[in-house]
Every structure is written in structure tokens, then in C-alpha cells.
Amino acid sequence: MKSGRFIGVMSGTSLDGVDVVLAAIDETMVAQQASLTWPIPVHLKKGILDICQGQPLTLSQLGQLDTQLGRLFAQAVNALLARQRLQPRDIVAIGCHGQTVWHEPTGEAPHTLQIGDNNHIVAHTGITVVGDFRRRDIALGGQGAPLVPAFHHALLGHPTEKRMVLNIGGIANLSLLFPGQAVRGYDTGPGNMLMDAWIWRQCAQPYDKDAAWAKEGQVILPLLQKMLRDPYFAASAPKSTGREYFNYGWLERHLTAFPGADARDVQATLAELTAVSIAQQVLLNGGCERLMVCGGGSRNPLVMARLAALLPGIEVSTTDKAGISGDDMEALAFAWLAWRTLAGLPGNLPSVTGATEASVLGAIYPANPITQS
């Protein structure tokens, strides 16, 4: 089995930066050693948002974004290597998720698209890359997401304690880790995505730091109820979603019935939407003893407080308490998935995604042996 140092690269639906994690991985352990977050330039963020929200673009524009993101990911990796004084030969492989710009796992031709050309990452780092993790699962009839529950189970599963792991990124997803049962997991709906989109449009701020703006507002109950009637929330698992569904246009359509709504009240309502939609799914699955939260939303004190209030009797805490940085969880997961691919081990869980079988995931982009010698 391949073992040694791996790097995970993750750019999620929140678009709050490229997370890069260095970890030592083998069949018995995943030990995080270093991490950094690399900024996404404004022009790239705008290009990604335009695609995700269905704005027209040419194939040339898509190709340019693909190349530019690949180069950006390479810059982030090289920055981490320089900080740790490591050479390409010290790294077995990079596991790169890419940037999801469209995710449509149902219909006549299910598909998902992550951009950020892995060839450019190899060329500019000299390190083998494993990428394109989701499309094999979709080819096998699965949702292609979420893939992280397998990692949650490997790191945070417990033989007797009923646990759930909640990742609040742009989209929120839940992993059900119940002793003696197959792992399950799915996307519950919007995490930070709508909150971030609203404050960006209203205040030109990338996110609501410490939920300060939302705390100034009051929940608009009729708006909350209207949003919660969206069919996605009542749909059965397996299910997954993304920015192509829960985007600013979705929010605007719901706001048409509330002209003149105070912007702070809308922000408070979006925070409540995230908390309530998650709590409903936790309770629908019978609850748990511990809800372990990771992702950028775990730093939102209002969402965390509301989760605790909506889920009495359940310990709500961040994964940091278990020794795993909530900010780095997903990047770490894709480093681990790269290790599994190189080891010839399956990376998906059919009980989570609905695929017909477990499978080795991803495509391998080998480095030139000269650069890794």
C-alpha cells in the first residue's frame, strides 16, 4: 500500500479560499501536519459564480477558468511546500477535489463538473495528482456526493456512541455514524451559501463575521416557512445539491412576496433556515448522542447556538474538540481519498450515494519521474 505524505486540496461551494492540508497517511492513521488557506482572486470567484448561476459563457471562457484554477491550486500547494521546507519528492500524491461548477446527478444524463485542470497542477508542482473523484460514482448510478462520510466514519466512528458529523460549507451535509449500521449521509440543503450571497449583495462583505449582522435582525417566520416548503427538504435520501439549485436566484424568488423586508431580518432568517433544515434532518433520523460540526459554518456562533437549542439532549460541538480541525476536514478527506485510490481501495459508500457498487474513485495524473526523484 502507498503510504507517506499526501496533500489534500479543496475549494468548496462557499468559495472562501483554497484549503490545502498536508497529512501522513497509511492504513492505520491520518495525521495532519500542516495546512493553509489560499485566497481565490475576485475575477476567478466571479467567473465561478457566473457558471454556477447559469450565466452564459463560451467554451473558451470555461477553458480559461479551468486552466487558471489549476494554476491557482498549484500555487497553493507550492506555498505549503515552501512553508514546510519540503520538496515534490517528499509527497506521494495530491488529492484535488477541484471546483464544482455544476452538479446534476439525476435525469437522463446525470453529470457533475469540477474544474481546475489537474494537468496544470502536476506540471507546476511536479507531484502526482489524483482528481475527478465524483464521476465514477455517478456512472454507477450514485449521486456522486457526499463522499466525505466514508472519511468521517474512518476517523470519527465510535463502536458504541451514536454520532452524526455535520459539515457546514456552502451546502450542509450530514453523516450518520450509528454503531452496527451502514454509514449514511446526504446534503441537507444550504449551509453558508445563501447567507454569504445575501451579505455580499447587500454589504459587499464575503461573509457575516461572527453572525454580527444576522444577530441585529429578527427571523421573518412566513419567509422561513415558505423557504422550508421547497421540495428538496422533503425529498428522500440519497440526495445531493449545490449552487446550481440553492443560489441567489432561488432566494430572490422567495423574497418577491416580501418587498421591503429589512436586510438584517433576511440575514437572520437565512441563518435560521440553515439551522432548522439541519435540525429537522437530525431528528428525522432519530437523533444522536453527539453532533460533531465542521466546515466554515462551525464558526458561525448564531447557527451553532440555534442547533444546540433545536436539538436538546444532543451534545453539539465542533470536530476540533475531537482533535480534527473543522476548517481542514474536507481537504484532509480528499488527501485520504487519494491514498485509497493509489492503494486500489474503494472511496465511495453505496449506502450514502446510492451507487450500485463500491468503487475505486478518481483519475491519476502521474508526475514525470524525473521531477519526483
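For all residues, glycine too, the Cβ spot is worked out from N, Cα and C.
Under the heading ATP binding site, Swiss-Prot lists G12, T13, S14, L15, D16, G17, V18, D19, citing sequence analysis as support.
A map of Swiss-Prot features onto the structure.
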| residue | record | Cβ contacts under 8 Å, 6 or more apart |
| --- | --- | --- |
| G12 | ATP binding site | D19, H97, G169, G170, G295, E330 |
| T13 | ATP binding site | T100, G169, G170, I171, G191, M193, G242, R243 |
| S14 | ATP binding site | G169, G170, G191, N192, M193, D196, Y207, G296 |
| L15 | ATP binding site | I40, K45, I48, L49, G170 |
| D16 | ATP binding site | T37, N192, D196, P206, Y207, G296 |
| G17 | ATP binding site | S11, T37, W38, P39, I40 |
| V18 | ATP binding site | V9, M10, S11, T37, W38, P39, I40, L72, F73, A76 |
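The ATP site is defined by G12, T13, S14, L15, D16, G17, V18, D19, and by the 8 Å test on Cβ atoms against their centroid, the other residues of the chain that qualify are M10, S11, I40, G169, G170, G296. Counting every protein chain shown, the number of other Cβ atoms lying within 10 Å of the Cβ of D19 (ATP binding site) is 25. When secondary structure is read from DSSP and collapsed to three states, D19 (ATP binding site) falls in the strand class.
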